[in-house]
Amino acid sequence: MLVRTALRLIFGSQHERDLKNLLPLLNAVNAQESWVLPLQESEFKQKTAEFKARAAAGEALDAFLPQAFALAREAARRVLGERPYDVQILGSLVLHHGKIVEMKTGEGKTLMSVAAAYLNSLSGRGVHIVTVNDYLAERDARWMRPVYDYLGVSVGVILSSMGSQERRCAYACDITYGTNNELGFDYLRDNMQFLTEEKTQRDFYFAIIDEIDSILIDEARTPLIISGPAENDTQHYAEVDRLVGQLQEVERNPATGDYPNEVDGEEVRGDYIVDEKNRKVSFSGPGMLHIQDVLTHAGLIQGSLFDEENFKYIHYFTQALRAHLLYRADVDYVVKDGQVQIVDEFTGRILEGRRYSDGLHQAIEAKEHIRIAQRNRTMATITFQNFFRMYKKLSGMTGTADTEALELNKIYKLEVVVLPTNLPVARVDEHDVVYLSEEEKWSAICDEIKEAHTRGQPVLVGTISIEKSEKLSALLRTRGVKHEVLNAKNHAREALIIAEAGAKGSVTIATNMAGRGTDIKLGGNPEFRARQSATAIASKHGSSSVTVQEHMQACYEAEYTRWRADYEEVKQLGGLYVIGTERHESRRIDNQLRGRSGRQGDPGRSKFFLSLDDDLMRIFGGERLKRFMSRVGMEPGEPITHSWLNKSIERAQTKVEARNFDVRKHLLEYDDVLNEQRSFIYAQRAQILIDEHVVERVYTTIEEYLNREITALRQELKRRGRLSLGAFQQNLSTLFDYALGGEDASGWNETRLGTLKQEILAHLKKNIESKYLLAGAQNMDTFIRYQYVQAIDKKWLDHLELLEILRESVYLRSYGQKNPLTEYKLEGFDLFYTMLDDIRLSIASQVVRVTVHMEEQRVPRPPHVAQAAHEFQALGQPGRGHGSLSALPIQAGAKVGRNTPCPCGSGKKYKHCCGR
């Protein structure tokens, strides 16, 4: 420790060294200012065209970086009236070099990204600026578009409401704003298209991720899923929900609070064990037998619970218990309009259309006694971890990344560089105060809020759930404190509430959704007030939005004058007072809450009020602390404040962060297996769509198949001295309608086997060539492509299910002293190679056996999988590693009957062709 401190004193911190290395580039940018100032607007566009031409000719972007950055800075000054500070230019240099910038709230991250985005757009390969929601994507694109227009680069924005053509145009722009969800779903949908021209995205070159910690860490365990309807087993969830109350939790040791160890032979009383930290439930031996008795008595099963047809009920009981014990209404989800809507644990926002995966959502619907929706089947999936690792260069910005620097470096190979604030941070972060009980804590918080409100200091209170925010709201109402509540239930008023959160005397209770991407200004927000005034004036006279803009300037001048006085008064009162009502699992989330106060050198204050009943304290040693504090004579209502307590809490948070990192890393190791397979299958699919000689793939497959079979026959001949052609003949007949004839094989040798292979291959090639003559090369190529794509899509869905089953069961291999991950990799790739062989051989078989009719036929477009990829309904849930974000394709067109002719044109019944 002393050595590290000494080295830091001598050489500076890593962040200081990183910034020092960039100073020559910053000086070079500043030196270009005299060159750029006299330029006319048209010359900016000329320079952009010149730089694009140089980049297209192979020149590195760094060759004209100083000039490009100087152009971007001057364009921002002329268009927005804001000249990026040197620290913002430093931040843009960090982004350009593929690193993460940590920049405090209110320091201008949106403007900082302009120079890096402009420079990299000159490559002609597209830059993606990624935000967490549509509102921020649209706002930032609208705000920065005039700057980019001045420079002569095009800007697009991807919104969830857009169709395919709009998306295609937006992705073709030099710079594209969009959300992480939309970019990920577009990637999956593109790989479900039948025609290359229907794809929307280009290759992944450079991305700048806003709030990068939220996307790459908080949502890292969130798989994006496009899904379709699966087996309808909704009645089982309702049946089990009625029975689950008959089960009892295993009794704990009253002295330690621990469960008995069944493996060591300790007596177990009860049916299930709850793992609150990991949100899991497991059953005891007696519990399994009790479930069997309950199901038998209810008439739902016959025989043993462990029979193949009954084993599924263990899954239904597991999810029912998780729904009742580990997922709470108004904390993890809300019930609205007859639907269970997920609440993001990190932002407090409702995650529109998302659903918990693996049947958990259905179990919660059964618990809440609302309509249970049918489960879905995964059709395409990718995690954010693997999606963003596809970019050639990745960077990002946030106010809180340094605490997660290790994870960001290990998983994404991204370094974090902390930028100094333009003005020193004047916020005072006080020690936590801890109370024995939750009720004592709430009482103290209310007293603190009322005191600050009385003197006029604005207060922002952060809560971890809707339930807690509404509880505090009720307590404040009884004390007569006027306040606003911002949570997922009233998120529509977010802009209004946040705009006034810094006004004199305001009290705002908010879940974590408060203000990521927005600033809380002391004294209120003059722009927002001016727009409200201008809108009111215009509507009073029945005027249009054009008239609103005409009134804006006058209204803004009046509001700005009032705001300056309010701002100075609130500064004198100490600025925004941030109160935390509970520590989060991650220090980073706590820092985000603190960061709402003290923007751009403003004064501020932050303080956390805790109790030993809080989740973090209770799970990580709260009972022991409570006994200790009682022994030292703490009186009810008396708080404890000490630096060692803060360190103890931070140690608990560090443990949780390390555990969550291990979980994400472990999941990534498993997902990397799927990612490698997905990359290969998508690449093959894309190549098939553009392959002008697709029939050669069929010829290769047939030849490889014959080589394998003939090799096996040669080995048999060597081993036995004679041949048995029965199985080979049966396979040829089944696959290719080919008969060997009646030749006696008793005298065959290896030479005859070689000529046999050539005879069969020549016959099958002639068969296919005759179809090309009859149907035409274009029609046959289209038919083969269609068969390939359909087979890939169908087999890939089956393969995803097999991998999921393997992943859920492979952990049992550890009991046999085997590494589950190694076993998963080995068996996963065995399944994958088997799938590839099945696809290739099934296509070769179909092409050989298809009948070509001498009439005009149009090969149809693929069925609903590809067509519906344009339209989807979002489903699925992120968070805690148990959810997924999904999109559900909508089936379009009439369903093909199993006994009707197959639409592919083979002449066979659908059930004997593509419907197999």
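Including glycine, each Cβ sits where the backbone N, Cα and C put it.
These come from Swiss-Prot:
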BINDING   Gln88, Gly106, Glu107, Gly108, Lys109, Thr110, Asp519  ATP binding site
BINDING   Cys902, Cys904, Cys913, Cys914  Zn(2+) binding site
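Neighbouring residues of the recorded ATP site, listed in sequence order and excluding Gln88, Gly106, Glu107, Gly108, Lys109, Thr110, Asp519, comprise Met103, Thr105, Leu111, Met112 (Cβ within 8 Å of the Cβ centroid). Cβ neighbours of Glu107 (ATP binding site) (same chain, under 8 Å, six or more residues apart in sequence): Val87, Gln88, Leu419, Thr421, Asn422, Arg599, Gln600. The C-beta environment of Asp519 (ATP binding site), restricted to residues of the same chain at least 6 apart in sequence and closer than 8 Å, consists of Thr105, Gly106, Arg599. Around Thr110 (ATP binding site), the same-chain residues at least 6 positions away in sequence with a Cβ under 8 Å from its Cβ are Asp140, Trp143, Met144, Asp210.
Fewest Cβ neighbours within 10 Å among the binding-site residues Gln88, Gly108, Lys109: that distinction goes to Gly108. In the three-state DSSP reading, Gly108 (ATP binding site) counts as coil.
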